[in-house]
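Notes follow the structure.
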Amino acid sequence: MKQTIILLYGGRSAEREVSVLSAESVMRAVDYDRFTVKTFFISQSGDFIKTQEFSHAPGQEDRLMTNETIDWDKKVAPSAIYEEGAVVFPVLHGPMGEDGSVQGFLEVLKMPYVGCNILSSSLAMDKITTKRVLESAGIAQVPYVAIVEGDDVTAKIAEVEEKLAYPVFTKPSNMGSSVGISKSENQEELRQALKLAFRYDSRVLVEQGVNAREIEVGLLGNYDVKSTLPGEVVKDVAFYDYDAKYIDNKVTMDIPAKISDDVVAVMRQNAETAFRAIGGLGLSRCDFFYTDKGEIFLNELNTMPGFTQWSMYPLLWENMGISYPELIERLVDLAKESFDKREAHLI
């Protein structure tokens, strides 16, 4: 009997379009000799829509439902995703997706799911909290100033100008896929950047700009996590924002990255240490800055990285000899393993 994968995609965050791209790639890569795929779309309004089921590979003309093609007659209660023995693959990016909220819902339903648990998902989603945890683990971070809604913005800008030097990067603390990020060369640009970032979150991070290469390491496993050789994001733009990443195609990837063996070893060790520090499970992608001075800074942990066939995470594992279909199989097996352990802890 084939294993059922419940593919959850869409969502309420600004990254919902990325989620659709990732989910379509997963549904095409699945080994249909082993799996059946049932898909549920989460609309921008947060409604659950039962969409397609696939017992064999979809055709090129098959497309997943989006906010533009919703069939409201297929709206269901969120709990309708439950199926005994099924494993949920929440291909959801950003808030209300990889921030622990959906993970908590799935644990209430008592369903195995791919990826990090409630704690590690919510922790890694918040950039400020992640930085503080990783600092405690001895992992170097780019200098930063945290700003929370209600703070005296003028005083915080003065703190930024005292502790950091322009250019600086302003980021919503609780957002992914480079959404809401701005580069500022002066105080006026910083004020505008803060306004933009506060549109997406009530907690904002201002980081020192560094002249650095962007290097990424893939992580796979539960308590025996393994890492990939690093890959490099090669940009034709000033910084790696949402449009450059997903719309303008101004980014290429160099896998493996052309860096020394010593740097590779440090990055892989730091990535694995960071994953354990947040209590990670299943998968993550760890992003580093490697400066022209030879400094290595851990930028962030992404607990549900982009999963399209051209995304860095699956390509990193392909370079390690694990194909996209095999990667999905391993993630499903890891989900069942962590579910069994979680259930065993409930006495």
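Cβ coordinates are placed from backbone N, Cα and C, and glycine is handled just like the others.
Per Swiss-Prot, domain 'ATP-grasp' is recorded for 131-333, and the stated evidence type is sequence analysis.
Counting only residues at least six positions away in the same chain, the Cβ atoms of PHE169, THR170, GLU189, GLN192, ALA193, LEU196, ALA197 sit under 8 Å from the Cβ of SER182 (ATP binding site). DSSP gives SER182 (ATP binding site) a strand state. Look at Swiss-Prot and you will find 161-216 tagged as ATP binding site.
Swiss-Prot lists ASP287, GLU300 with the feature Mg(2+) 1 binding site. When secondary structure is read from DSSP and collapsed to three states, GLU300 (Mg(2+) 1 binding site) falls in the strand class. There are 21 other Cβ atoms within 10 Å of the Cβ belonging to GLU300 (Mg(2+) 1 binding site).
Annotation comment: Swiss-Prot describes GLU300, ASN302 as Mg(2+) 2 binding site. Counting every protein chain shown, the Cβ of ASN302 (Mg(2+) 2 binding site) has 22 other Cβ atoms within 10 Å.
In this structure the C-alpha atoms belonging to VAL168 (ATP binding site) and GLU300 (Mg(2+) 1 binding site) are separated by 17 Å. For ASP287 (Mg(2+) 1 binding site), the same-chain residues 6+ apart in sequence whose C-beta sits under 8 angstroms from its C-beta are GLU214, ILE215, GLU216, LEU298, ASN299, GLU300, LEU301, ASN302.
The predicted model assigns the domain 'ATP-grasp' (131-333) a mean pLDDT of 92.
Counted within 10 Å of its Cβ, the other Cβ atoms near VAL210 (ATP binding site) come to 17, all protein chains included. Taken residue by residue with DSSP, VAL168 (ATP binding site) is part of a strand.
A simple way to gauge crowding: the CB of ARG203 (ATP binding site) has 21 other CB atoms within 10 angstroms, across all the protein chains here.
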